[in-house]
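Positions annotated as domain 'DYW' by TrEMBL: 503-595. The repeat 'PPR' annotation in TrEMBL covers 186-220, 256-286, 288-322.
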Amino acid sequence: MLDAAGDRTPTTHPALRHCVALLRLHLASPSLAAARQIHGHALRAGVPPSHPLLAKHLLFHLAALRRAPPLRYAVAVLTRILPDPDPFSLNTVLRIAASSARPRVALALHARRLAPPDTHTYPPLLQACARLLSLRDGERIHAEAAKNGFATLVFVKNSLVHLYGACGLFESAHRVFDEIPIPERNLVSWNSVLNGFAANGRPNEVLTVFREMMDVEFAPDGFTMVSVLTACAEIGALALGRRVHVYLAKVGLVGNSHVGNALIDLYAKCGGVDDARRVFEEMGTGRTVVSWTSLIVGLAVNDFGKEALKLFSVMEREKLVPTEITMVGVLNACSHCWLVDDGFMYFDRMKEEYGITPRIEHLGCMVDLLGRAGKVEEAYDYIVTMPLEPNAVVWRTLLGACTMHKKLELGEAAWSRLIELDPGHSGDYVLLSNLYAAVGRWADVHVLRKTMVKDGVRKNPGHSLVELRNSVYEFVMGDRSHPESEQIYKMLAEIAERLRREGYIPRTSNVLADIEEEEKETALNYHSERLAIAFALLKSLPGTPIRIVKNLRVCGDCHTAIKLISKVYDREIIVRDRSRFHHFSEGSCSCKDYW
């Protein structure tokens with residue numbers, strides 16, 4: 001049978017059957033070069049470029065490429081079979097577009113209604129919405145899928161869980177997950193909801209869902225365990241993290257590089273630097289740039305700056321290229337070691353040798369580097385001449401340096417910018433109040449406190465977490481909800497008495513409230529980290545390190561008190577606050593009293 005042009009009917013063209021067989025054969029090890037070669041051979045042999053069978057197998061081959069399937073090529077192949085592409089070919093291009101650098105192409109193609117949607121249409125569209133963080137488009141696709149009867153499919157629901165989690169709606173993600181019947185849930189279902197909670201800073205929910213997963217005896221994989229380790233790191237649950245580590249070794253997942261990186265992050269964020277180093281060494285050839293970066297950053301924030309810089313030198317000798325995050329860790333290490341000249345050297349090398357354009361995070365590190373070293377005027381000059389518009393974090397860094405080094409004029413200049421960029425941030429009021437107190441401007445301290453009350457600015461409620469015997473306990477200021485509160489407060493009274501004998505005098509300027517001095521002393525004594533420490537002293541064996549995670553910056557008075565507690569009770573106390581780690585031991589802190 002001949003078509004209008006006198007050629008063989010495309011479905012019986014021998015070159016077509018041969019090329020389709022070749023495309024199938026190469027699926028085991030797909031390559032773009034092979035796809036182009038086979039495609040070219042088919043066209044030269046007279047197979048029409050609009051033949052749907054050729055397009056179908058060619059697109060399937062392109063989608064199977066392990067690295068960045070060529071979107072432009074895929075769309076060009078699809079356009080040859082317009083206006084009536086089969087749903088399979090269209091869905092394949094949607095998949096390629098959704099995972100590409102231009103996910104919006106998937107939504108644009110879907111909007112043209114080139115083929116009726118089927119069971120495989122909606123997952124790539126929802127993936128594209130998640131990549132774009134476009135909640136409006138995602139909700140529209142969700143409604144359309146429900147209207148067409150596809151929203152009940154497990155792989156569509158998995159995509160919805162991922163979308164809502166990526167867009168920050170973790171409750172919506174969990175609601176969709178709950179709609180999936182337990183027998184129908186697969187590993188993607190569990191991992192999607194776990195990742196949604198982990199990415200949105202909901203560690204308790206991660207651990208709750210993980211327990212549910214283990215209760216139904218569903219075997220986790222590396223991605224599952226990364227979410228669990230992230231949750232343990234978030235709440236400082238070192239003992240639980242160690243148990244997870246043992247489980248990982250038992251099921252053979254410690255060789256997974258993602259898991260290894262998460263373990264490094266866990267130990268570093270719990271102050272277990274030696275454990276982080278050990279995991280890094282055990283990874284051997286499985287180490288990636290992320291592994292090196294995780295340990296460098298972990299060493300830097302734990303005040304092992306010189307060790308971080310040594311590790312970076314080894315990384316460079318291994319011919320590994322640092323990332324933007326690596327360089328943040330390197331610059332932080334220089335800052336914590338007060339290595340100003342080295343910091344500027346690394347900053348220049350970052351630009352010149354590695355082609356990394358400085359971001360606001362890198363510039364903020366330079367401000368911190370100068371301010372920490374007492375070069376506050378130079379830090380101010382650096383801010384006003386930096387190539388990017390300084391944000392509130394940069395100005396807050398300067399205000400902290402001014403407070404530390406008693407630079408009132410520059411501190412007030414930083415404050416004036418902060419009330420424009422981030423008005424009502426209670427931490428800024430604390431820093432400025434401490435600065436006024438440090439230079440003896442008590443009238444201004446009082447005025448600032450009245451301004452806080454007038455403007456309705458309240459300090460964020462602080463909470464502290466402490467882990468004991470595989471359980472995590474949370475305390476808030478003045479908390480009496482714990483069943484052993486009476487003993488905890490007796491311990492606090494004992495601690496206060498022993499500290500007074502050591503010469504401790506409460507710094508009541510840290511209390512931004514219009515109350516009597518005696519009440520201020522009491523308020524300081526009941527800060528959440530002190531309650532957590534008192535509980536740990538009561539319940540842990542002598543000599544055992546105490547690890548605290550606090551959601552706010554440690555105040556100056558608590559910092560002084562904890563230094564003395566570490567000396568009086570001969571305990572190492574590790575506190576992770578909002579900005580850094582403090583390793584208290586024998587009456588001193590690793591931060592050298594600047595944080």
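Positions of Cβ are set from backbone N, Cα and C atoms, glycine also.
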Segment-level pLDDT (mean, integer) for the repeat 'PPR' (288-322): 94
Residue distribution over DSSP helix, strand and coil in the repeat 'PPR' (288-322): 26 helix, 0 strand, 9 coil
For the repeat 'PPR' (186-220), the number of residues DSSP places in helix, strand and coil: 26 helix, 0 strand, 9 coil
